[in-house]
């Protein structure tokens, strides 16, 4: 919580925000501080006069204004809350933090109201103290900026957790400790401000003044004020404008500038932005965790450098002492070089520790602040700051990348003393710098969210650990045989993603990966278990088909442009398991005899399926069918096909059999036995036939029952 305090303090006064308002650039200011840094612009630079000169622009949001006109001399400077001035760097009186500070244009009225509520001079300009964007106020003045109720709630909870003394809300300079609180005005006063702004007379005499602690409790228990529309102060926010990214009321939708914009429900957008902020925080939290581990690593490096330095110096002294008196003259010089290298390494590491510590503290503070903001139940107030917080979180997360978490210095001393020269060559003795042997790479991490299987293919992805400093020259991916057997290499290369095809269906595979470089190989990663699909989904393969084959229906339907038989294969091959697919006859003219079955990848494509020794098929006409392999015709069976008929093909590689079905009835005996190897579904047909393929089908129930009995 302490690191969040920077998020809760005004950049102008340095104190906790009091009645904060939100500028169009998403930064916050105390309302009183905003009045103190107002600048009155000449009449000729007002938005009205600039629009009259013909150089005005339409109502852009502040990001577009920033891009288009922040440094443009012809910019009108008019926006939805006002506009950015065209010359934000105009020199004028400045506070220590570079913010332009001018005294109020008129003294605050001697009333019990805050000076920030007094009228704002016409043609006033305000510069954000953080991004230094200048903004010309419209007729509403500071009332045109929404109040940050969420930030007020976070500050109140923070002060309660710290038991901080409540400060006066009306002190113009350093706020004094409050002595009372007015329950009606909801304002904390010190004694001088109470006497000046809240005298016990007139209508104020009836107000109830209580101790600050009691007032804090009553304020916490009382319902928080609902945020109202800046354009229609009597209306509460009811919807969210997607284009302008801001809450709006119903009057804005009916008659205001949001009437033609896309709007969404306030509650739905509140939940959506909370979800987006939470997701962004998850990424930033991971970065912060890595940063903490990185700092531990850096601090360990300091100790290792100290230890290695001591060890190296001792070795150096021992070698120098062995080279008699002549070595003593060089010993001092060599020790000086070692110490210089030692100090250089320490300086680099300590500088990096300091830099990362500051960045981590800022990151932690932003995280704690965002977590407190998420606890708020004010949708309107939350949506006013959520976009800016989400951008800050993403920006902070990005800043932790780009090599930030990589050590700038190694712990080893890349020096080696060569003590072989003769005594008369001692004056030439010097360090010989050698490259230290590089360690093996760290163990790769399999990225489970990117690993998947499809049909009989598996895609695996991996990465190096985030804190690894040793580069890998490549990776070796290994899979077992799907039956718990030995692992075998399936990929060797530099890529961190690989797709393995041709696996068995309905099988479980174990995968692992290791990295290698010139020094050696890393340990294996954790083993990942992959399950391939139980049934196959596939289509016909245009790449391997005869050129006369015509494809349609996403390659599930085929016919032919020739009167001769032509062969087309399926995209998926089978070498293990039980597989079943069907083909429906969409068109059947002039009683042709198409063939259905399986084939090797190199089957002849310009003749009927089964005429060579690379295919096993059943060809059928309108009356009967035959089985055919290597041009041998067997098992003539009565019963043919017509339009609408269904051909089923059952390939059982566990029992090494091929069986055919016509209209859900087995056609003849088992067609072929002792079939083994890699088979592709296959069809041969001519222009008189059109068939459609149906895949992903379970094995017929009667066959499953018969197989279990057998």
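For all residues, glycine too, the Cβ spot is worked out from N, Cα and C.
Looking at 113-162, 163-212, 313-362, the stretch flagged in Swiss-Prot as zinc finger turns out to be 163-212. Checking the ranges 52-94, 224-266 against Swiss-Prot, the zinc finger annotation falls on 224-266. For the annotation phosphothreonine, the record in Swiss-Prot points to 41 among the listed residues 41, 443.
Here the binding-site residues are 232, 258; the one with the fewest Cβ atoms within 10 Å of its Cβ is 232. DSSP labels the residues of the zinc finger (163-212) in these numbers: 13 helix, 10 strand, 27 coil. In the structure shown, across all protein chains, 252 is the one of the binding-site residues 229, 252 with the greatest number of other Cβ atoms within 10 Å.
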